[in-house]
Each structure stands twice: as structure tokens, then as C-alpha cells.
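Input: a single structure, listed below in C-alpha cells.
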Amino acid sequence: MPPPQQGPCGHHLLLLLALLLPSLPLTRAPVPPGPAAALLQALGLRDEPQGAPRLRPVPPVMWRLFRRRDPQETRSGSRRTSPGVTLQPCHVEELGVAGNIVRHIPDRGAPTRASEPASAAGHCPEWTVVFDLSAVEPAERPSRARLELRFAAAAAAAPEGGWELSVAQAGQGAGADPGPVLLRQLVPALGPPVRAELLGAAWARNASWPRSLRLALALRPRAPAACARLAEASLLLVTLDPRLCHPLARPRRDAEPVLGGGPGGACRARRLYVSFREVGWHRWVIAPRGFLANYCQGQCALPVALSGSGGPPALNHAVLRALMHAAAPGAADLPCCVPARLSPISVLFFDNSDNVVLRQYEDMVVDECGCR
């Protein structure tokens, strides 16, 4: 069902989003004031990204992670979890680690690599790959760093014993020798992507983030054979930002909340659809196209405050205030209609470094309202 037409202008939607999203202290230079800047700050962005980079498709792993978390995808029939099973907040089930930010970071090294010469004694060239980590905030804690390599084999058949992959810290200057080897692993075949876990090898779990990660790679056949060519390198980085992770956060419900219509009536959630196209962010927000933010509106007078109006029961304090207001209107104000149940959303977008980022934001959707 297409989203309903909205009356508020884009500026009002930006202001609403800026109020909904958490305000995070950044260590970088302050951004200009205003609703748009406040929302960009909450998204962890210094400036508004320019849009999707040319010839930069969204990696399939990022689509899979997003679709598993998006409630619209699960309701449309592409459910990746069993009915009744809820996703643990601030946890990436597919990778088995804690986290609420997933980045797919491409290699910023040489854009093209020439074919490698044949090797008669296992001596093959090395490659240097560079990953830009400048967008990672100091408060983020790494939980997984997976190097993924795709090779174009010069020979159809794998050498006897396969290949050996070695990863070392690359030297900083031109012609500088690489540092000590961080890891070695056997690669039996080059058809599927070659993956190597770097966390604990490239840097310690509690170490400060480098601005970039430079690695020297070598793939040597264990028997005389032609060398392979490195076609693509990327880093899948999962981090946990505790500022965006609520210990008591509730998972998103599968069913849509019961929403009210007009402004009158009892306290309940009212429908509000926020479109990223309306605010001009569709060029760099990959998915979703928008989301139901909703808002609370309605009366909390008796008997609504006693019944809970179909939502959660009102607090005893709210009932007491409603009783006092009914007996003596000047003695106490009516309770307020406020969110009683909130749920998160996941946003897939390009950041300022053209990385594909999947980020979860808590308390973005009003599911239920109550008198407080």
C-alpha cells in the first residue's frame, strides 16, 4: 500500500526527525545549526552525503542484514526469522556478535591491478589494500572485522595443497617493508570469496581506532602454479555504539499498531509517515524509503485514564491526576498523552566516505500511547 500523502512540508519533517533521533556528542567539528544538521549529527554524519557513488552497488550481505531487520520486509513475505522469534536488540544474529552499526568498506588502494606473472617457485607479488576508517566514532566498540577477498585465478585448476594467504601491516611510505605477519591461513580454492577475521589480529579489541587500515596481502601457491590476481577487497566492520543501544530496548512488533484517525478522541497513536524523498535524502538513503514514525494525541480525562483506551494501563499517578481534575479542575492538570511503547528502525545508507552502512536507531516508532 503506498504511503499516504502528507501535508507538512519537508522542513517540518526534518524538525520532527531531529526531535525523535537521539542527540549524540561528536568529537568532530560542530555542524551548522538547524533541524537538518541535528538529524545528520544523530545519524553520525558530518555533512549530507552527495549520493550513491557511481558503479557502487549495494553488497548482497548488506541487503540481507537490512531485510532481516525491516518489519515491512518480514510482513511482505520475505521473512528470515521464524514466527514468534524476535531479534535481540543491538545484536547481529547472522554474524553472531553484538553490534548496532555494520559498515561495508571497500578497498581505497589501487583502482586497477594488472595480471600477475606466472610463478615457478611460489613467488607471487604482494598487494596493498587500504580501508578508510575515519567515519568510525571513538565511542564505537568493534565486535567483528572480516576481510573479504575475491581473486581472479590465472589457472583453472588449483595447485596441489591450495594457496596460503598471509596478511601483514603495510608500510606507510612508498617502498617501505611490511610489518610482521598478522595471520596466515590456508585457501583451498579461489572460487568462493576468501574471508579472514582481523579482530584481535590487525588491532586489539580495546585499541583506539586508526584513521585507516593498510594491509599487505600475499597469496602463494603451495606447489608450482600460476599466480592469482586480486580482483576486489572489502572490510565488513561491525561495531557497537552504546549511546544508541538501550539495555531495555524492545524489539519491533510484527503487527502494525492500531492507529487512530482524526485529532479528537481518546489518547492513542496517530499515523505519521515520514518520507526520505520529501526531505531530499533519497539520493543517499538506500532503504527504507520512509517509515511510520507516528505520534500520540488524545484526551486523558475520565474514563479514558482508567481504561487505558485499549493501550497499556495508565499509571496510578495519571489516574489520580484525572480524578483530582474531575473533582477540582484548578487543583491539577490532566495527564499527558505520551508514547508508552517505542520500537527501533534500521536505515541502510551511504556515508560521507561512500561506505554502505546499516545502522539501528532505537525509539523511532511510536507503537502505543498512554496517559502519564
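All residue numbers here begin at 1 and follow the chain in the order shown.
Each Cβ is built from the backbone N, Cα and C atoms, and glycine gets one as well.
Feature list (source: Swiss-Prot):
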- CYS267-CYS337: disulfide bond (DISULFID)
- CYS296-CYS369: disulfide bond (DISULFID)
- CYS300-CYS371: disulfide bond (DISULFID)
- ASN206: N-linked glycosylation site (CARBOHYD)
- 67-86: region 'Disordered' (REGION)
- 1-29: signal peptide (SIGNAL)
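Taking Cβ-Cβ distances under 8 Å and a sequence gap of 6 or more within the same chain, the neighbours of CYS296 (disulfide bond) are CYS267, ARG268, ALA269, ARG270, CYS337, VAL338, PRO339, VAL366, CYS369.
Of the disulfide-bonded residues CYS267, CYS300, CYS337, CYS369, CYS369 has the largest number of other Cβ atoms within 10 Å of its own Cβ.
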